[in-house]
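*Asks:* Positions annotated as domain 'Cytochrome c assembly protein' by TrEMBL: B:131-331. Summarising the annotation, TrEMBL assigns domain 'Cytochrome c-type biogenesis protein CcmF C-terminal' to B:354-675. TrEMBL lists B:67-85, B:123-145, B:157-178, B:211-231, B:243-263, B:283-301, B:310-328, B:348-366, B:387-409, B:429-449, B:486-508, B:529-552 (among others) with the feature transmembrane segment.
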Amino acid sequence: MTKRLLMLVGALGIVLPLLASGPAMAVNPDEMLSNPALEKRARDISQELRCLVCQNQSIDDSDAELARDLRVLVRERLIAGDSNEEAIDYIVARYGDYVLLNPPLKPETYILWGSPVVLALLALLAVFAFYRRKQREASAGTTASLSREEQARLDEILGSSKGDGKA
Amino acid sequence: MLAEFGHFALLLIVATGLGQAVLCSPFWLRVPVHASLQGNPVLLTDAGTITTNGSTGGLPLNSRAHLIMPFGILAMAIIAQAALLHSFIISDFSLPIVAEVSHSSTPLLFRIGAAFTPDGGAMVLWLLMLSLVNVLLTLQLFGPAKSPYAQEDDGTLFKNAMSIMGLLIAVLGVATLIDADPFLRIPVAPLDGRGMNPQSQDILRVLREPFLYVGLAGLAVIHALTLSGLIFKKFDRRIAETLRFWTIASWLSLGAAIAINAYRSYSQQAWGNWWYWDTAENSLLLPWLLTTALLHCRAVLEKTETLKGWTAFLGLSALAVGWFGVYLTRSDLFGSLSETLNKPHDSVALLIGFCVVFAGSYYLFWRRGEELGEPRSFELVSRESSMFINSVMLALIAAVVLIGTIYPLVLRWFDGENITVGGPFYVEVLVPVVVPLLFLMGFAPTLRWRQDEMWLIGRRMKLAAILSVIIILFVSIRFIELSPAPLIGIGLAGWILTASLSDLWARLWRQPDHGESKYRNLQLLGPRYLSMTLAHIGLAIMLAGGAASSIWEEQVVVSARAGQSIQAGPYNLQYEGVALLAGENYATRQATFILYRHALPVTELFPEIRYYPIRGVETREAGIWHGRDGDLHVSVGDRADDGGRIVSVRFLPMMTWVWAGMIMMLIGGTFSILTRIVLRFQKNGVSTS
């Protein structure tokens with residue numbers, strides 16, 4: 001019990017100074033722009049940009065300090081009169097393509113963007129070939145699977161049943 | 001001292017696994033492999049000896065070995081797991097694995113949970129689950145309620161599957177010992193551990209691990225049975241029947257792991273997102289996608305004995321992506337969201353084992369896939385086709401997710417260039433595949449086997465088509481500014497829902513044949529059909545919820561002072577203030593909110609910011625209310641510059657549907673498994689009495 005109490009005191013000792021320090025939460029009111037249209041654009045841009053220290057999280061979602069800096073930077077660019085593209089380009093020029101959650105089309109990513117298309121075409125071709133072969137096998141199968149006697153017997157049965165039907 | 005027993009048990013698992021691999025195999029030791037590879041049937045004679053092509057040869061088969069080995073392995077695995085858990089419970093820091101992820105102040109429940117988080121601990125859990133399914137497989141094939149085929153010549157085939165299971169257990173056991181031996185000791189123990197990763201200190205996060213590894217173990221059984229079928233060139237209805245339990249069980253537990261993971265992200269993140277397409281999530285999703293594809297193809301195989309090659313391919317690949325996913329999340333090539341604090345290890349042995357096992361498996365598939373032989377065929381417009389084409393699309397989705405996951409890694413390796421493949425990429429690329437997949441899913445269950453006619457389908461689907469068009473029109477007129485993507489989502493959800501319900505309706509009101517009882521229609525539905533319908537409707541509900549919550553969410557971020565009230569959707573949150581409290585091994589700032597709906601108090605919510613002093617990490621727990629019209633998600637941040645508390649409130653309409661849909665899918669799977677087990681024992685009881 002005393003150990004737990006000590007631990008709590010220790011923990012609070014670390015937490016309390018933190019309470020006074022800067023915020024660490026995804027978009028907070030301090031950052032927000034008073035112009036709602038501009039703020040909406042800033043949010044849209046933020047969702048396309050990656051928090052550099054997180055796993056595939058956008059800066060809009062992230063609590064990290066670095067994400068906050070980027071959000072503030074985006075807003076500064078928008079106030080300065082940048083369009084959405086210009087603001088994104090500004091960030092990319094400083095942090096590289098790594099910040100884009102949607103990788104840009106360039107020689108290094110041709111394979112990435114091309115492979116789904118190629119795979120889809122291959123899948124289509126494979127399915128097409130599958131049905132072609134099925135059809136061929138089916139047509140070949142009916143003639144090959146019956147021997148001559150069997151065929152004769154089948155004809156006889158079919159013929160007799162037809163005869164019955166007529167009679 | 002117990003840890004050494006565990007270590008020895010781990011070694012024995014490898015040895016016994018190899019023993020099972022050899023003793024259960026009809027090949028190694030007894031008959032020339034070449035004889036079988038040349039296509040001569042390998043048969044078990046009455047005298048218990050193996051014959052190839054008529055000539056008797058080899059040693060007599062010890063027919064009891066395959067029954068004893070699995071139980072031995074299970075006992076060893078239980079000892080290993082118990083020894084590891086014991087070391088965590090007593091906080092034995094002379095084991096580096098304990099010192100790395102545990103601490104004397106970690107609560108008991110999470111000391112146990114921490115045992116599954118490091119690589120070595122996860123491997124022990126995987127081995128335990130593998131030995132468990134190994135025993136279940138033995139009981140299924142050779143136990144009291146045994147499969148009727150086990151006594152026929154297929155007994156050899158099934159024993160061979162057991163042999164492959166033994167081999168897989170041995171390979172993974174060796175990988176455990178080489179990569180991340182959990183039972184190694186250091187001479188001088190640290191005074192205390194480094195503490196559990198606070199992100200993992202959650203009951204759901206702990207529960208996810210057993211589900212994930214049961215799922216992966218089930219995939220190993222599927223792999224073993226499939227491979228055995230390929231070896232004996234016999235991939236038919238009997239194997240499909242044996243596979244049934246395993247595909248549903250794996251699908252169910254992988255699905256549960258995904259659902260748990262999604263809900264955990266949701267309750268932990270300030271913005272209530274539940275999927276980030278990160279490595280850990282993708283490595284859960286990949287095997288689930290292929291298992292879903294396999295689930296459907298297996299049904300086709302059992303019913304019509306077609307699609308043999310493709311089903312076998314899926315059976316092998318499901319374990320392949322599962323295994324590779326495990327490797328991806330723990331190699332230092334990528335970190336994952338939840339494990340960024342752990343020092344990553346390079347699991348070389350796991351990768352080598354993967355390469356060897358699957359090079360062999362796919363080589364065999366390449367050689368034998370064509371020779372399985374399909375006695376029957378089906379038309380382009382038929383139930384088989386719909387399942388086949390949908391499974392191809394599921395595999396396509398899995399391939400794209402796999403490429404998206406490993407592409408940044410490969411590029412960095414070749415080029416040194418860093419790129420990110422995130423959510424927007426997957427959405428853009430996958431939507432063109434998912435839309436036809438869901439469209440086909442709507443009417444696939446109504447199709448006839450072998451052959452169907454387009455005009456008949458049109459007639460059957462008329463009502464569902466009209467209803468879903470009405471839904472789309474209603475939503476698009478009511479909410480005129482809507483972008484097309486969510487509209488398509490809602491439309492498809494409506495399509496699947498109305499199609500499933502209208503099919504159910506048609507089956508229930510079918511004109512009974514002469515002399516049939518009134519309840520005949522109900523009996524004809526059967527557990528398979530009901531569980532399938534339940535799962536499909538669950539998916540539709542989840543889709544509708546996901547689309548709706550993304551369109552109509554309301555989000556407010558304010559700097560709040562005590563007593564202030566915040567409006568979000570039909571809800572009103574009154575902020576009461578923040579209290580400093582002590583958790584078992586953390587300090588927390590817990591905010592209190594009173595939730596009102598139309599001025600009536602509903603509940604109190606307590607979002608928290610926790611601080612874990614051992615690792616010096618803050619985590620966030622959201623306060624969530626699942627209302628009937630949607631989720632209210634509230635989380636708190638630090639102080640704002642003006643002295644208020646930063647509060648983020650989100651109202652996500654119909655978000656409850658996402659969770660309800662997931663649960664319905666899981667219930668569908670559980671229902672299917674339970675009825676199967678009950679039926680099996682009933683049948684067995686009848687036949688013995």
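Glycine residues also receive a Cβ, built from the backbone N, Cα and C atoms like all the rest.
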*Asks:* Over the domain 'Cytochrome c-type biogenesis protein CcmF C-terminal' (B:354-675), what is the model's average pLDDT?
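*Replies:* PLDDT averaged over the stretch: 89.
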*Asks:* Give the nonlocal contacts of the transmembrane segment (B:486-508) in its own chain as ranges (CB under 8 Å, at least six residues past its ends).
*Replies:* 435, 438-439, 441-443, 445-446, 460-461, 463-465, 467-468, 471-472, 475-476, 521-522, 524-525, 529, 533, 536-537, 539-541, 543-544, 546-548, 550-551
*Asks:* How about the transmembrane segment (B:157-178) with the transmembrane segment (B:310-328) - do they touch, taking at least 3 C-beta pairs under 8 Å (6 or more apart in sequence) as contact?
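*Replies:* The transmembrane segment (B:310-328) and the transmembrane segment (B:157-178): touching, no.
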*Asks:* Residues of the same chain, at least six outside the transmembrane segment (B:67-85), with any C-beta under 8 angstroms of its C-beta?
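*Replies:* For the transmembrane segment (B:67-85), the far contacts come to 2-3, 5-7, 9-10, 12-13, 16-17, 19-20, 23-24, 97, 112, 115, 121, 124-125, 127-128, 130-132, 134-135, 137-138, 142, 162, 165-166, 169, 182-183.
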*Asks:* Under 8 Å between C-beta atoms and at least six residues away from its ends: which parts of the chain pack against the transmembrane segment (B:348-366)?
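*Replies:* Those are 168, 171-172, 174-175, 178-179, 223, 227, 230-231, 312-313, 316, 320, 323-324, 326-327, 330-331, in sequence order.
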*Asks:* Excluding the flanking five residues on each side, which residues at least 6 beyond the ends of the transmembrane segment (B:243-263) place their CB within less than 8 Å of a CB in that stretch?
*Replies:* 133, 137, 140, 204-205, 207-208, 211-212, 214-216, 218-219, 221-222, 225-226, 274-275, 280-281, 284-285, 287-288, 291-292, 294-295, 298, 302, 315, 318, 322, 659, 662-663, 665-666, 669-670, 672-673, 676-677
